Amino acid sequence: MARNKTNNDKNIANDEASTVLARVLPSNVQAEQMLLGAILTNNELLNYVSEFLRSEHFFEPIHQKIYNGIEVITEKGLIATPITLRSMLANDELFHEMEGAEYLAKLVTMSMMVINPIDYGKIIYDLAIKRYLINIGEEVVNDAYNSSLEFEAKEQIERAESKLYDLASEGINEKSFTKIAIPISESIASINRAMKNNDHVIGISTGLIDLDSKLFGFHNSDLVILAGRPAMGKTAFALNLALNACNNMLIKNKRDNEEVQSVGFFSLEMSSEQLTTRLLSMSAGIDSTTLRTGMINEANYNRLRKEAIALSELSFFIDDTPALTISAIRTRARRMKRKHNLGILFVDYLQLIRGVSKSDNRVNEVSEITQGLKAIAKELNIPVIALSQLSRAVELREDKRPMLSDLRESGSIEQDADIVMFIYREEYYLSRKEPAASDPKHAEKYAEWQDNMSKAHNITDIIIAKHRSGPVGNVQLFYDSQYSKFVNLETKYPVHPR
């Protein structure tokens with residue numbers, strides 16, 4: 001009985017699929033003919049539709065060739081007429097099959113009935129989008145039936161969602177020229193906000209005063225690269241920045257009566273539990289080893305619970321899915337922007353992201369990833385902070401302070417980033433250079449080493465190596481490794497370690 005029902009369901013599904021495939025794709029050949037004829041009669045009309053209409057939007061192949069020919073001719077500063085088009089398409093096989101010269105004359109004749117050519121352009125565009133939508137639907141169905149595909153169902157859904165979003169955005173959200181008065185008004189508003197703020201931070205505050213004085217906060221549409229060698233504290237620093245940003249956005253949103261903005265954190269390496277343990281450690285002031293082992297007294301536990309409740313109420317979202325593609329990250333970020341008003345995005349880390357296109361060249365793949373991250377920042381109008389590894393070349397030289405050339409697969413990373421920051425802890429490298437006891441000058445060298453260690457103790461350098469809209473330079477922070485916490489170094493600031 002159950003088997004018969006299953007077979008019936010399959011038969012119904014197959015019949016429905018056959019019906020869908022048998023349908024004629026939506027098109028309006030007459031609208032295409034009338035628009036092309038109107039443009040051939042008056043080339044100025046091309047300016048009104050070329051902003052959203054492309055040759056591939058036409059259904060008939062001959063119309064695609066004619067529209068493309070008109071664009072090529074007019075771009076050269078010439079006039080597109082049946083005569084100039086006939087000369088251009090003289091060797092085209094399809095043009096000859098359609099008796100092109102007579103067909104062009106027919107189009108011009110039909111244009112006499114055109115009242116508003118822009119309306120015809122919109123009809124052609126709308127029908128093309130519907131055909132693309134049908135193609136996406138067929139791809140989704142075929143992929144779902146194909147069990148040999150390497151993609152899991154969830155990833156197929158994300159791929160479909162990404163294609164649908166791209167289709168929805170096509171031609172509609174494309175930017176064109178904007179009268180200068182609009183961006184000037186936005187700039188003045190931004191300057192006014194900065195004047196009202198005592199700290200003159202016009203972006204999302206990092207919560208670290210000296211760093212804010214260099215960056216002026218994190219800015220919408222910026223791609224920020226935070227790079228460092230292993231054990232420098234990249235993830236810990238990113239978590240500090242994310243938590244500070246979350247708290248500072250909440251304060252601003254409440255003050256200005258705005259919708260609460262969220263922090264998104266993609267963790268491709270560590271689990272969400274590992275990240276939240278670190279967040280609890282830095283918030284409660286209890287080292288993470290104590291938290292993991294459970295060796296905690298009642299007073300600390302009560303403080304921990306209080307901080308856990310406070311953190312739980314924040315609009316802070318973690319996605320710890322490993323090996324995400326840049327396309328999946330874009331899809332999930334879009335979804336979060338829509339559902340939770342995403343205000344800033346962190347990605348840990350860049351080298352663990354997979355490109356969409358299959359490429360044996362890692363440099364090209366990283367270029368695709370960094371361009372994708374920058375596109376997310378611009379599209380969603382948020383800062384994107386991406387962590388990055390540095391090459392081993394750092395370890396091979398005496399001076400371990402990072403440089404732009406140390407970025408792994410560095411060309412595109414440096415080019416696409418608005419800000420490149422390096423995190424560097426001299427103490428880490430000094431601790432591995434303790435003078436050997438067998439050295440004849442051990443006492444002298446040991447005293448010098450101890451002095452250097454004392455100066456570098458708990459100090460982290462944030463090296464701003466590239467800043468598209470501001471100064472570069474070095475900022476020193478106090479790093480409490482016990483609690484994975486970064487705070488202002490100077491005692492003159494409200495939050496400091498002394």
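Don't overthink the numbers, they just go from 1 along the chain as shown.
Glycine is treated like the rest: Cβ placed from N, Cα and C.
Residues annotated as ATP binding site in Swiss-Prot, with sequence analysis given as evidence: G228, R229, P230, A231, M232, G233, K234, T235. Taken from Swiss-Prot, the feature domain 'SF4 helicase' applies to 197-493, supported by sequence analysis.
Swiss-Prot feature annotations superimposed on the structure.
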{"residue": "G228", "record": "ATP binding site", "Cβ neighbours (10 Å)": "26"}
{"residue": "R229", "record": "ATP binding site", "Cβ neighbours (10 Å)": "21"}
{"residue": "P230", "record": "ATP binding site", "Cβ neighbours (10 Å)": "9"}
{"residue": "A231", "record": "ATP binding site", "Cβ neighbours (10 Å)": "9"}
{"residue": "M232", "record": "ATP binding site", "Cβ neighbours (10 Å)": "22"}
{"residue": "G233", "record": "ATP binding site", "Cβ neighbours (10 Å)": "21"}
{"residue": "K234", "record": "ATP binding site", "Cβ neighbours (10 Å)": "21"}
{"residue": "T235", "record": "ATP binding site", "Cβ neighbours (10 Å)": "22"}
- Task: Report the residues of the chain - excluding G228, R229, P230, A231, M232, G233, K234, T235 - with C-beta within 8 Å of the mean position of the site's C-beta atoms, for the recorded ATP site, in sequence order.
- Result: I423
- State the three-class DSSP label for T235 (ATP binding site), counting H, G and I as helix, E and B as strand, and everything else as coil. helix
- Note on the structure: In this predicted model, the domain 'SF4 helicase' (197-493) has a mean pLDDT of 86
